[in-house]
Amino acid sequence: MTLGSLENSSSISSTFLLSGIPGLEHMHIWISFPLGFIYLVSILGNCTIVFIIKTEPSLHEPMYLFLSMLALTDLGLSLCTLPTVMGIFWIGARGISHDACFAQLFFIHCLSFLESSVLLSMAFDRFVAICHPLHYASILTNTVISRIGLASLGRSVALIFPLPFMLKRFPYCGSVVLSHSYCIHQEVMKLACADIKDNSIYGMFVIVSTVGIDSLLILFSYALILHTVLSIASRAERLKALNTCVSHICAVLLFYTPMIGLSIIHRFGKQAPHLVQVIMGFVYFLFPPLMNPIIYSVKTKQIRDRVTHVFCY
C-alpha cells in the first residue's frame, strides 16, 4: 500500500504518517540543514554544560546540579524528536509504526513534564538562596537534591506510563496523518476510531497536575523572592539578587510559553491554520534545548568562564 492510499484508507491501519511543513515539501531538503544545525548546537551545548558541571568541583553546588538536570532533560528531548524530524526532512521517511509512535510520545511527554519539575526545583533553589541564604547549604544538601530529582522523574513516569496503553487499545482508521514530525498524545488520540473521552480527561488531568501546579508554584516562589528583594535597603544588592534569577526566568518563559500555546491550539484552536500548529511545535521542542545552554553560558559567569576555558585553551 502506498503512502497516498494510506492517508485516505478507511481500513484499520498499523502505521501513522508524520508530516513536515505543509506547502513546503519541495523545500524539505533545504530546511533540513538549519534544523540539523539547531539539533547539533542543542546536543553539543547541553553535553558541554553537563561535562563542565561534572568535571569542575567548584560547580558541585545546588544551582549547578539542577542546571545539569535541565541540560540532561533538554538533551533527551532533542534525541527523542531528532530521528523522525530529520528522517522526514532528509529522506521523506513519514511512516512510523504504532508501537514506535507510542514509545516516542511516552519519552517526549515524560521528559517535557520532567523539565517542568526541574524548572520548579530551580525556582525553589533561587527562593532558598535569596530568602533564606544562611540556611541554603543545610536545606539543599546533595541528598535532598537527589531526592528531588528522583521524585520529579518518578512523578513524570507514573503520570505518562498509562498513555501508551490507553492509546494502544484503540483501532485507527480513516486518516492516519499526524500534523507534526513526531508523535504527541493530543494528536494521536484524535485519529482513533473510538470514544476518546477518557484519554482527553486524563490528558487534561496530567497537564493540570504537572504544568499547571508547577507554573503556579514558580509564580508563588518569585512573588516571595520579589517581596524579599524589595525589602533589601541597598539598590546594588537588590539588582545583584535579581540578576541571579534572570537565566532561570528566561528558561521558564522559553519552556512554558510555547507549551501552553501548543496545548491551547490542540484542544481549543481547531480553526487555527495548520502551519501555526507546526511552527509552534517546532518552537516548543527545538528552542528550549537550543537556548538554555546559551542563556546560562552568557548570564552565569562560572559557566561562561569554564566554557571559554574548554573551547579556547
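For all residues, glycine too, the Cβ spot is worked out from N, Cα and C.
Pulled from TrEMBL, these are the features on record:
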DOMAIN    45-296  domain 'G-protein coupled receptors family 1 profile'
TRANSMEM  29-53  transmembrane segment
TRANSMEM  65-91  transmembrane segment
TRANSMEM  103-124  transmembrane segment
TRANSMEM  136-161  transmembrane segment
TRANSMEM  201-225  transmembrane segment
TRANSMEM  246-269  transmembrane segment
TRANSMEM  275-296  transmembrane segment
Intrachain residues whose Cβ lies under 8 Å of the transmembrane segment (65-91), provided they are six or more past its termini: 18-20, 28-29, 31-32, 35-36, 39, 42-43, 46-47, 49-50, 53-54, 104, 107-108, 111-112, 114-115, 118-119, 121-122, 125, 142, 145, 149, 152, 181-183, 251, 285-286, 288-289, 292-293, 296, 303
For the domain 'G-protein coupled receptors family 1 profile' (45-296), the mean pLDDT of the predicted model: 90
